[in-house]
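Asks: Submitted below is the structure of interest, expressed as structure tokens.
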Amino acid sequence: MTNYAIILAAGKGTRMKSDLPKVLHQVSGLTMLEHVFRSVAHITPQMNVTVIGHKAELVQEVLKEKSEFVLQTEQLGTGHAVMMAEEKLADLEGNTLVIAGDTPLITGESLKNLIDFHVNHKNVATILTAKAEDPFGYGRIIRNHDDEVVKIVEQKDANEYEQKVKEINTGTYVFDNKRLFEALKNINTNNAQGEYYLTDVISIFRENKEKVGAYVLRDFNESLGVNDRVALATAESVMRRRINKAHMINGVTFQNPDATYIEADVSIAADVMIEANVSLKGNSCIGAKSVLTNGTCIVDAQIGESVVITNSTIEESSIADGVTVGPYAHIRPGSQLDKNVHIGNFVEVKGSHIGENTKAGHLTYIGNAVVGSDVNFGAGTITVNYDGKNKYKTVIGNNVFVGSNSTLIAPLEIGDNALTAAGSTITKNVEPDSIAIGRSRQVIKEGYAKRLPHYPQK
């Protein structure tokens, strides 16, 4: 049987108190809407139809070719939102999943189980439900003595008995597609909210003696719909635990998983050690047996095997096997560190390629440079790459020794095996096997200090 999906993403999300559409707020590095789409993909829908409204263009920009779009100009309830998809789906045979775009914790496995349950029980409609300790605010699932679903009652419309029911409607459903759109023609706004409730189609099916079922989630957390920043933080917490648990099962050691932030698309090999307060973001990849210490932040970077990163930040760069970075180093976008490079404390590298076994131990800036292998940077070395308007390249050969407090003014080339004397300002190219000295001779004026204000007075 063919599957389709309707994703509800038209709401403003007033309680979020944000200029951004609710479904575009992020959980673990992805928008809530992207999380939903990844889960929906597990049912292999032939067509996704996203109902958009508030700031529709922003939602379209996130999804692009992943979905068809229909516009809901007025938000008149969930039933009204699904009506908007009629032009795309009404005449098609198959099953249609209806899901809200603000449910980032729902898993693909649960949606696949929901579809299978629906098909196996030959239902015209199947509701995804959950058991809640505190069901206040949720629509209740009302069953008869034969345990069949009779109706769904919203909180504001529920009587005293119905409000005690703990089985709640998650807002996710599967319908026979044609019967869904036929039933939608018969719902109205005669309720406390004055809206078109999608849940009213369940009552219509029951009145017609059609089969309605309910599939109960194993994990209540999956049912969370995010309506405010408190729920967003809850979703973030649950997702973080879920992601970190998966990495631990795959052989990653966490010093404190509750204090480690790893986004959804990060890849980590076995035998990696991650200390507390580490953040791994974007499409970062961490190689086997690497160690990330407290305070490290890695964004969209590729980290090799047996790398040690100590309390440092690495962005959009490639780090080869055996490299050590930090503490307090910053590897900025566009950098490549080859095998066994050492970048020490308070060193910044930007847009540079650094060859194997090169060392910059402390207090150094390497920007827009191509550096060979076995180079040593003395403390305080600066590549002067910017004149206020343009950036210039520094090229350093193999086995070069750069003396402490050298200032290398680009554009500049230093040949293999060359040396720059400590304290030099280098403005011209240095030939291989040469030493470059670019500093004034020391001058000593005996007794001159007595004339200066700092000198102790008798």
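Here the Cβ of each residue, glycine as well, is placed from N, Cα and C on the backbone.
Found this in Swiss-Prot, in case it helps:
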type     : residues                                                              : note
ACT_SITE : H362                                                                  : active site, proton acceptor
BINDING  : 8-11, K22, Q72, 77-78, G139, E154, N169, N227, R332, K350, Y365, N376 : UDP-N-acetyl-alpha-D-glucosamine binding site
BINDING  : D102, N227                                                            : Mg(2+) binding site
BINDING  : A379, N385, Y386, S404, A422, R439                                    : acetyl-CoA binding site
REGION   : 1-229                                                                 : region 'Pyrophosphorylase'
REGION   : 230-250                                                               : region 'Linker'
REGION   : 251-458                                                               : region 'N-acetyltransferase'
Asks: Can you tell me whether DSSP puts K22 (UDP-N-acetyl-alpha-D-glucosamine binding site) in helix, strand or coil?
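Replies: K22 (UDP-N-acetyl-alpha-D-glucosamine binding site) sits in a helix per DSSP.
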Asks: Give me the CA-CA distance between the residue listed as 'active site, proton acceptor' and A379 (acetyl-CoA binding site), in Å, as a whole number.
Replies: 5
Asks: Can you give me the Cα-Cα distance between N385 (acetyl-CoA binding site) and Y365 (UDP-N-acetyl-alpha-D-glucosamine binding site) in Å, rounded to a whole number?
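Replies: That separation, Cα to Cα, works out to 10 Å.
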Asks: For A10 (UDP-N-acetyl-alpha-D-glucosamine binding site), identify the closest of the binding-site residues N227, Y386, S404, judging by Cα separation.
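Replies: Result for A10 (UDP-N-acetyl-alpha-D-glucosamine binding site): the nearest of the binding-site residues is N227.
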Asks: Need one number: mean pLDDT over the region 'Linker' (230-250).
Replies: 98
Asks: What whole-number distance in angstrom separates the two most remote CA atoms of the acetyl-CoA-binding residues A379, N385, Y386, S404, A422, R439?
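Replies: The span, Cα to Cα at its widest, is 22 Å.
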Asks: To the nearest Å, how far is the Cα of A379 (acetyl-CoA binding site) from the Cα of D102 (Mg(2+) binding site)?
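Replies: Pair distance, Cα basis, whole Å: 51 Å.
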Asks: Could you tell me the C-alpha distance between Y386 (acetyl-CoA binding site) and Y365 (UDP-N-acetyl-alpha-D-glucosamine binding site) in angstrom, no decimals?
Replies: 12
Asks: What does DSSP call N169 (UDP-N-acetyl-alpha-D-glucosamine binding site) in the simple three-state scheme?
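Replies: Where N169 (UDP-N-acetyl-alpha-D-glucosamine binding site) sits, the three-state DSSP reduction gives strand.
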